[in-house]
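Peer 1: I'd like to ask some things about the structure below.
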């Protein structure tokens, strides 16, 4: 199947699938989640964020259990954008990210056209990973199934547990994955765990001390929020990259701080600046 998909390769499809694969990359997730959490619906953004962070940690765990190689370098396999293919091959992180992110939104909104769109984006992301020659078919299938399963689990959690219960689940999940992050000593897993930990600490604090709202925001207010929030995140990312050593521990700390800034510091700024 991999070679069959690559057999249709041409320059136009190269550009198309290079663009499509971004749907499963961190930049897409950051834009989607900040727009939802900061601007549209705080509760939905919180649900989608936790669901995605849980999915990323599960993906990292499974990758380190199976440790399967990628098709990069295999005879007859043409690879584009290999820099997006970090870590082990199974399951596909891009596909699982897309499936979790877009399907979790579809579960929340419950509209046919959004569900269809979520599935389309997920399938396109999966196909792009095959077309680019960075995954085997079993990788993208597993990523798709895991992503959908985690999105369903996240939806059931948020529809059956109150806010205090969710906060306890966040902290419990972070506690469960902590020894795994230490034992596995994997760079990608350390970053995913750091984000989960930062989220688990930040959200309960935001609930108690900030309590920002997405209600009654004008279009101008939304644009100001997103611009300010992204500027703060970019500045924080650059600063942390400059001052923190390049080790697994500090990678986890860096990503924990980025998550904390996203879910606590930026909302606090929105409240203080009244935007």
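First residue shown is number 1, and so on along the chain.
Backbone N, Cα and C define each Cβ position, glycine as well.
Pasting the feature list from TrEMBL:
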DOMAIN    44-155  domain 'Phosphatidic acid phosphatase type 2/haloperoxidase'
TRANSMEM  12-40  transmembrane segment
TRANSMEM  113-134  transmembrane segment
TRANSMEM  140-158  transmembrane segment
TRANSMEM  170-187  transmembrane segment
TRANSMEM  255-273  transmembrane segment
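What's the neighbourhood like for each of these?
Peer 2: Proximity of distant same-chain residues to the transmembrane segment (113-134), defined by a Cβ-Cβ separation under 8 Å and at least 6 residues beyond the stretch ends, is recorded for 1-2, 5-6, 9, 13, 17-18, 20-21, 23-24, 70-72, 77-82, 84-85, 89, 92, 94-95, 97-99, 102-103, 105-106, 140-141, 143-144, 147-148.
Under 8 Å from some Cβ of the transmembrane segment (170-187) lie the Cβ atoms of residues 50, 54, 57, 60-61, 63-64, 86-87, 193, 196-197, 199-201, 203-204, 248, 251-252, all in the same chain and six or more residues away from its ends.
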Peer 1: Looking only at the domain 'Phosphatidic acid phosphatase type 2/haloperoxidase' (44-155), how are its residues distributed among DSSP helix, strand and coil?
Peer 2: 82 helix, 0 strand, 30 coil
